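A.B. asks: One structure, pasted below without further comment.
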């Protein structure tokens with residue numbers, strides 16, 4: 001049996017020798033690179049300055065964490081809160097990581113003394129701070145690239161192909177790394193004249209899988225502009241970084257500081273095997289090893305196979321349970337559903353975050369359920385929408401919002417953080433928007449005093465950009481169908497975010513689409529285009545009509561309730577009143593009296609654009625691309641608006657709305673129109 005031992009050790013030597021032969025001491029050191037981002041300054045005695053100083057001072061008592069990532073903040077909800085993120089390289093020891101972040105923070109605030117946003121890269125860590133929430137938000141600027149070694153001249157194309165192939169492979173591993181660590185290291189195939197390629201990629205673990213992927217793609221695509229075909233390359237951005245060399249510069253996995261180990265039972269198979277081996281002689285030990293190890297390997301493979309099959313079965317059942325007979329099920333939904341699995345959140349996590357959905361945390365209640373404020377353990381504020389368990393339409397909203405918002409990334413769209421399905425529970429988790437919805441400001445006589453023309457004009461422009469993204473710039477063409485003031489959320493800086501995609505319709509952007517029809521007419525009375533309310537006919541012009549209503553509501557401060565009171569105009573709806581005032585040259589009378597400042601020409605131009613959007617014929621309404629041009633270019637001559645929809649004889653929707661419509665039900669509160677399919 002002695003020859004078996006010799007062969008075994010010789011095989012181990014052959015396996016490990018190449019790695020140690022190529023291992024080199026990493027002398028990778030560089031001077032700190034400070035970046036004072038030009039996005040505003042603060043004064044030395046401001047609230048933000050105090051919060052930032054307290055945050056940096058608190059780092060002296062920072063406790064080491066297993067994953068080298070720190071999400072920090074200081075201040076209350078007054079709007080001057082300081083936020084910070086720290087991240088260390090994978091191989092950095094915990095105490096060294098804390099020391100690096102402490103040093104980086106102190107020096108960054110000295111180098112950028114009055115800058116609201118800044119970032120610094122040290123050899124072993126990165127630290128950044130901001131006056132806005134940065135947790136979970138991808139940031140690719142500023143960037144920094146370091147080049148080492150010589151430029152490739154021979155086999156250049158082959159070199160670049162292998163370089164990009166390795167980085168692409170590592171990107172996928174890192175992006176799928178979960179909420180604690182998004183890191184990957186590895187090597188690629190050799191090319192003529194070179195032994196092997198080595199690389200590492202890393203994202204801040206607060207990013208979603210898609211954001212991590214996009215951040216690294218951005219970095220890869222910027223390689224040609226600075227350092228293509230370089231043997232040594234290091235690239236950094238606030239949210240991700242990567243490194244590429246032709247020598248192994250990183251530690252073996254076994255040499256890295258391990259993640260917190262799982263607790264192993266005392267009577268585990270490994271423990272039993274160790275006990276049995278210690279009671280035998282030398283010859284018996286070899287026999288036992290030769291027998292036990294293969295058995296354990298076979299058992300382990302069998303267990304893994306069972307777990308994989310069970311996981312795939314649960315995954316398939318879960319997918320069918322969520323998709324059901326959704327309006328989006330089919331080729332688009334099936335292909336895209338896998339992208340949403342990383343957004344799953346445990347029900348117990350949401351119960352804890354919302355204090356068991358306590359009434360004190362309830363932000364509002366709607367037709368499909370309630371919305372609660374919550375806080376994740378790391379301090380991130382969230383809004384949790386808990387759908388009613390007995391609402392069929394609530395299920396449709398749930399499916400729509402998951403499948404749509406998982407694809408959409410835009411600053412003027414609300415961001416979906418996750419979702420949960422457990423038994424009858426259906427929950428959606430969004431970013432928390434501090435200032436609630438537009439209707440709570442614009443229709444409140446006191447709160448709308450806070451909205452000067454600069455703020456209102458920013459709202460109009462932001463909503464227009466969000467709709468333009470949905471209609472033309474996203475991967476799919478999306479028609480919202482329920483755009484209204486209560487579905488426009490306002491963040492801390494009063495930027496608008498379009499929310500509630502439960503009624504949205506999705507189409508492949510490559511399809512040519514003029515109008516489509518539906519037998520399920522749903523939306524909010526007063527915002528619905530006439531062709532949609534009467535005949536179920538919808539297109540991008542349906543959203544344009546709703547946008548026009550919103551513009552007029554924002555400027556007048558009045559609700560388009562079709563027959564409600566507008567000052568002394570008790571018998572007229574809002575659109576009729578504004579159009580008549582336009583025709584009679586008394587349009588200044590419709591402007592909200594609280595708008596005492598601001599360009600009257602700009603306000604009147606926005607009213608003009610709003611009237612063009614609410615014209616009765618969809619063909620005469622502009623697209624959102626044209627609306628954006630109208631808002632941004634005064635050289636664009638506006639046509640004369642025609643009579644808006646729902647005036648005089650059109651105030652009441654005719655009873656014979658459509659042969660495919662079974663019935664319309666309207667509630668007295670906000671008059672939401674819904675239709676139920678035939679049994």
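Residue numbering: from 1, along the chain as shown.
Cβ atoms are placed via backbone N, Cα and C, with glycine included.
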A.B. asks: Between 45, 314, 656, which does Swiss-Prot record as N-linked glycosylation site?
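C.D. replies: Annotation hit in Swiss-Prot: 45.
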A.B. asks: Labelled N-linked glycosylation site in Swiss-Prot - which residue from 187, 356 would that be?
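C.D. replies: According to Swiss-Prot, the N-linked glycosylation site annotation belongs to 187.
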A.B. asks: May I ask you to name which of 131, 435 Swiss-Prot has annotated as N-linked glycosylation site?
C.D. replies: 131
A.B. asks: Are there any residues at least 6 positions away along the chain from residue 187 (N-linked glycosylation site) with a Cβ closer than 8 Å to its Cβ? List them or say none.
C.D. replies: 166, 196, 197, 198, 199, 248
A.B. asks: So if I draw a 10 Å sphere around the Cβ of residue 107 (N-linked glycosylation site), how many other Cβ atoms end up inside it?
C.D. replies: 15
A.B. asks: Report, in whole Å, the straight Cα-to-Cα distance of residue 131 (N-linked glycosylation site) from residue 486 (phosphoserine).
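C.D. replies: The separation of the Cα atoms works out to 27 Å.
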A.B. asks: Express the distance between the Cα positions of residue 107 (N-linked glycosylation site) and residue 430 (phosphotyrosine) as a whole number of Å.
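C.D. replies: Counting only the Cα atoms, the answer is 35 Å.
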A.B. asks: Just checking the modified residues 430, 524, 532: which sit within 10 A of residue 482 (active site, proton acceptor), CA to CA?
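C.D. replies: Candidates kept after distance check: 524.
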A.B. asks: According to DSSP, which kind of secondary structure is residue 486 (phosphoserine) found in, if we only use helix, strand and coil?
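C.D. replies: Reduced to three states, the DSSP call for residue 486 (phosphoserine) is helix.
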A.B. asks: Can you tell me the three-state DSSP label for residue 107 (N-linked glycosylation site)?
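C.D. replies: Reduced to three states, the DSSP call for residue 107 (N-linked glycosylation site) is helix.
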A.B. asks: What's the most sparsely packed of the glycosylation sites 41, 71, 131, counting other C-beta atoms within 10 A?
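C.D. replies: If we count Cβ atoms within 10 Å for the glycosylation sites 41, 71, 131, the smallest count is at 41.
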